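Visitor: Below: one structure in structure tokens.
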Amino acid sequence: MAPAPPRAASFSAAEVQRRLAAGDCWVRCGARLYDLTGFVRHHPGGEQLLRARAGQDVSADLDGPPHRHSANARRWLEQYYVGDLLGDPQDLVDWRKPILWQVGHLGEKYDEWVHQPVTRPIRLFHSDFIESLTKTVWYSVPIVWMPLILYLSWSYYRTLAQGNVRLFTSFTTEYSVAMPESVFPGLFVLGLFLWSLVEYVLHRFLFHMKPPSNSYYLITLHFVLHGQHHKAPFDESRLVFPPVPASLMIAFFYMVLRLLLPEAVGGTVFAGGLLGYVLYDMTHYYLHFGSPHKGSYLYKMKAHHVKHHFAHQKSGFGISSKFWDYFFHTLMPEEPHSKMQ
């Protein structure tokens, strides 16, 4: 009598996330898990295509589009089967309906659920119009904001060049400081630097707040602000801020600077900060869909950001750089990387 086949191994979602954070490329079909780490470089569609789907259900990708995988390809995949996923939490919502109004009912299950990524499309609102305002293509960010940055920079430089801008005049006229056009580059760079801090603070304290499990509205707010991005990290239509909601935040920061500083000074700092925002959004998109050269700065930042999504959601908040993670001691713990087969 032939011996019984060995029992399939089982892996928790946390175990799978640890392997992803270590650099492995695991995917799943339903509850079946496959370790494709040794195959990614041989994939006909390119390594990046598989890396972008690490940790996700590829059942729909096998059926196409762009093409349906053959029976031989599916048999080939079975060589990499490693076991089954335990406790798949993805069916806590009805995916056929807009889920924004459902997530608030998840309560204490929300935090675990929102950090289990999916590849399926997410619909937030019933209204097609409102739904469209939550999505945008990546290139809308430079198209909308770069002309404004150039206009503000040119306009406020000309104002500074007139030589009648002084700092601290609201407190004293005797000790006010003249602001010639030579300070323009310094003010602009200051804006870039301040944006890097705003980026970190927003990401850490607003986007990664843990809403109380008994607060329907705070859970819903968290999901629309950032939770939906962690739930569907490769939804390219929601990787950058859509211009309409972004304009509200940008207008707020502009008004704050106008209240605190002379118009030309605050406006120059604002223009630098706005450029920092554009660079941040473009960097964020590239970290999800770009293929940086191995060993480059962006390659390291991409690995850093992937770990943030799949293993260390409570650390590694820097997107453009790790500077503030170093400063505030929120770097991710170092982990040994699995060797590529």
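The backbone N, Cα and C atoms fix where each Cβ goes, and this holds for glycine too.
Note that the structure is a prediction, hence the values are computed from the model and not measured.
Below, the features straight out of TrEMBL:
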{"type": "DOMAIN", "residues": "8-86", "note": "domain 'Cytochrome b5 heme-binding'"}
{"type": "BINDING", "residues": "His43, His69", "note": "heme binding site"}
{"type": "TRANSMEM", "residues": "137-157", "note": "transmembrane segment"}
{"type": "TRANSMEM", "residues": "183-202", "note": "transmembrane segment"}
{"type": "BINDING", "residues": "His203, His208, His226, His229, His230, His284, His288, His305, His308, His309", "note": "Zn(2+) binding site"}
{"type": "TRANSMEM", "residues": "239-261", "note": "transmembrane segment"}
{"type": "TRANSMEM", "residues": "267-287", "note": "transmembrane segment"}
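Let's see these features in context: how buried, what's close, how far.
Guide: Sequence-distant neighbours of His43 (heme binding site): residues of the same chain at least 6 apart with a C-beta under 8 Å from its C-beta are Leu36, Leu49, Leu50.
Proximity of distant same-chain residues to the transmembrane segment (239-261), defined by a Cβ-Cβ separation under 8 Å and at least 6 residues beyond the stretch ends, is recorded for 133-136, 138, 140-141, 144-145, 167, 198, 229, 267, 269-270, 273-274, 277, 281-282, 284-285, 288-289.
Residues 138, 141-142, 145-146, 148-149, 152-153, 155-157, 159-160, 184, 187-196, 198-199, 236, 239-241, 246, 250, 253-254, 257-258, 261, 298, 301-302, 305-306, 319-320 of the same chain sit 6 or more residues outside the transmembrane segment (267-287) yet have a Cβ under 8 Å from a Cβ within it.
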Visitor: Report the nearest neighbour of His69 (heme binding site) in space among the binding-site residues His203, His230, His308, comparing Cα positions.
Guide: His230
Visitor: Looking at Cβ-Cβ distances, which residues of the chain lie under 8 angstroms from His308 (Zn(2+) binding site) while being 6 or more apart from it?
Guide: Ser315, Gly316, Phe317, Met332
Visitor: Report, as numbers and ranges, which residues of the same chain sit near the transmembrane segment (137-157): CB under 8 Å and 6 or more residues beyond its ends.
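Guide: Same-chain contacts beyond the flanks: 181, 184, 188, 236-237, 239-243, 246, 250, 263-264, 267-268, 270-271, 274-275, 277-278, 281-282, 285.
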Visitor: Determine the mean pLDDT over the domain 'Cytochrome b5 heme-binding' (8-86), rounding to the nearest whole number.
Guide: 83
